[in-house]
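A.B. asks: Would you mind keeping the following structure in view while I ask a few things?
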Amino acid sequence: MAGKPGIQLFVIFLLLSSFAAVVWAMDNMPADKDVSKLFPLTLIHINDLHARFDETNMKSNACTAKDQCIAGIARVYQKIQDLLKEYKSKNAIYLNAGDNFQGTLWYNLLRWQVTADFITKLKPTAMTLGNHEFDHTPKGLAPYLAELDKAGIPTLVANLVMNDDPDLKSSKIQKSIKVTVGGKTIGIIGVLYDKTHEIAQTGKVTLSNAVETVKREAAALKKDKVDIIVVLSHCSYDEDKKIAKEAGQDIDVIVGAHSHSFLYSKESNKPYDQKDKIEGPYPTIVESNNKRKIPIVQAKSFGKYVGRLTLYFDNEGEVKHWEGYPEFIDNKVKQDPKILEALIPWRKKVQEIGSTKVGETTIELDRDSCRDKECTLGVLYADAFADHYTNSSFRPFAIIQAGNFRNPIKVGKITNGDIIEAAPFGSTADLIRLKGDNLWAVAEHSLALDDENRTNCLQVSGLRIVIDPSKSVGSRVVKIDVMDNRNPKSEDLKPLDRNAEYFIALPSYLADGKDGFSAMKEATARWTGPLDSDVFKSYVEKIKKVDKLKLDRVIVCKAGSPCT
């Protein structure tokens, strides 16, 4: 850019303007600490619990005897009760921002039942849904919603469009609620990431634009004489900043989720895990288009922190001061004895089912590298899918998106728990017939960055993909070679015929065109198979031991090297 000051200034202007709305904040209290003439509202909040019912280690994985155990639902419950009591005089309410489903064997085996048991014990003032609440379709969500309703817990998603979904037609999801605390009426609006229907198994359900929905619902609440409006969002830190900027004329604060963002102000000098990356201050203050200051909070994930923010409002309903921080749920936090007792029967079920041996492996089945390149877990999983449909005269390819995987499998015995936790989303192992040109488009899309700046590298069986990441978007797939679907005895590879049709085994999630894999919708035929975990389990039982895998199925060319 040397010699082009005009361009430099323009780029600097763009950078500054993109951050101008965000104020990096810490506690904002008057020097004399006198807030006696202001109305206090305290928000106690958690998000993205992801089935961490049992205590965890510092990395939010299962805690072992060697670890320092933290978090867990018994500690979270105790901390919430303590905060509700401590801040009762400051009008405390407790909010849950969604994604309580998915993430451990507890959910994989016990689904909505165990989740409902503990969420109803915590009993938030209100909660919204996360995208993972749809992991087992609306049918898997409906009984959970019914239990929340029985417990008197309102579920709020203002931008949820039912589209006559048969499983949710009797659910009592609301756009917003009004609660009265300290003589003031508080409106709470729930909102879910508006592309959830593209990344989750939502059935007929879709999501409307989050910003426009919040604007509309907030205006209606203001017209109804609500004093303060809280947005309970499962949209991500970045999306929440957008909501604050563009819909900030009527809302007062956003309690967020989805991005697992750790917001913290070091000036608070409060304890935290110093290995947790700080993404912004707690609270983050965004200036709206009409110059109002909108605080945003989020409490990372996995029950590792419980957020507590106290806001002070003037008579005009404007936030004048605030203070608070995420409370670290370390091992100094006591565990509630009643919750500990309630965990015992559930834990017994998890241990009994999860510890059964299925097979063994002499190599680590890696998950961490799956997003960027071929990984051993992905290769084994793809082989299992292909094997399920293979017979003496037929063998399909198999492709699995990297986002399908959640946990690696370590060297040693492979258990039921390992099988389920490796890919816990409950997809079916389907078979489709797809044109070669569409398969090429799918391979190209796997290299595109998602909203978290990640690729979704395909894990494959029966084909070989060569990728040149130095090329432009849309031209990164150099070649695809494939085996013959009709000759399972031959492992010879031939160039993909982009006009021919091929048979491909894949997860139903991918076959549905989720995660932007829209070319999958061009399939000319589709057959629904059994649960993916059952297919994976059967394959591991069949081969008994994983001791070697044929790799180099996805070749990522290195800079300066031939790409063939």
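A Cβ is built for glycine as well, from the same backbone N, Cα and C atoms used for every other residue.
Values in this document were obtained by computation on a predicted structure and should not be read as measured data.
These came from Swiss-Prot, pasted as-is:
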BINDING   Asp48, His50, Asp99  divalent metal cation 1 binding site
BINDING   Asp99, Asn131, His234, His258  divalent metal cation 2 binding site
BINDING   Arg371, Arg406, Phe425, Asp515  AMP binding site
CARBOHYD  Asn391  N-linked glycosylation site
SIGNAL    1-25  signal peptide
SITE      His132  site 'Transition state stabilizer'
SITE      Asp135  site 'Transition state stabilizer'
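Set these features in their place in the structure for me.
C.D. replies: The Cβ of His50 (divalent metal cation 1 binding site) has 22 neighbouring Cβ atoms from other residues within 10 Å, across all protein chains displayed.
Summarising the environment of Asp99 (divalent metal cation 1 binding site), the number of other Cβ atoms within 10 Å of its Cβ, over all protein chains shown, is 24.
Within 10 Å of the C-beta of Asp515 (AMP binding site) we count 21 further C-beta atoms, all protein chains included.
Long-range Cβ neighbours of Asn391 (N-linked glycosylation site) (same chain, at least 6 residues apart, Cβ-Cβ under 8 Å): Pro488. Secondary structure at Asn391 (N-linked glycosylation site), taken from DSSP and collapsed to helix, strand or coil, is strand.
In the shown protein chains, 24 other C-beta atoms lie within 10 A of the C-beta of His132 (site 'Transition state stabilizer').
For the recorded site, Asp135 (site 'Transition state stabilizer'), the DSSP three-state label reads coil.
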A.B. asks: What whole-number Å value do you get for the CA-CA distance of His258 (divalent metal cation 2 binding site) and His132 (site 'Transition state stabilizer')?
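C.D. replies: Here the two Cα atoms are 10 Å apart.
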A.B. asks: Where Asp515 (AMP binding site) and His50 (divalent metal cation 1 binding site) are concerned, what is their Cα separation in Å, rounded?
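C.D. replies: Just about 20 Å between their Cα atoms.
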A.B. asks: Taking the mean position of the Cβ atoms of Asp48, His50, Asp99 as the divalent metal cation 1 site, which residues outside that list, in the same chain, have a Cβ no more than 8 Å away, listed in sequence order?
C.D. replies: Asn47, Leu49, Gly98, Asn100, Phe101, Gln102, Gly103, Gly130, His132, Ala257, His260, Ser301, Phe302
A.B. asks: Whose Cβ lies within 8 Å of the mean position of the Cβ atoms of Asp99, Asn131, His234, His258, the divalent metal cation 2 site, other than those residues?
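C.D. replies: Leaving out the recorded residues gives Asn47, Asp48, Ala97, Gly98, Leu129, Gly130, His132, Glu133, Leu192, Tyr193, Thr196, Cys235, Ala257.
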A.B. asks: Measure from the CA atom of Asn131 (divalent metal cation 2 binding site) to the CA atom of Arg406 (AMP binding site) and give the result in Å, rounded to a whole number.
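C.D. replies: Spelling it out, the Cα of Arg406 (AMP binding site) and the Cα of Asn131 (divalent metal cation 2 binding site) are 16 Å apart.
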A.B. asks: Around the AMP site (Arg371, Arg406, Phe425, Asp515), what further same-chain residues have their C-beta within 8 angstroms of the site's C-beta centre?
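C.D. replies: So the additional residues around the site are Gln401, Ala402, Gly403, Asn404, Phe405, Ala423, Asn456.
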A.B. asks: Are there recorded positions among His132, Asp135, His234, Arg371, Phe425 that sit within 10 Å of Asp48 (divalent metal cation 1 binding site), Cα to Cα? If so, list them; otherwise say none.
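C.D. replies: Passing the 10 Å Cα cut: His132, His234.
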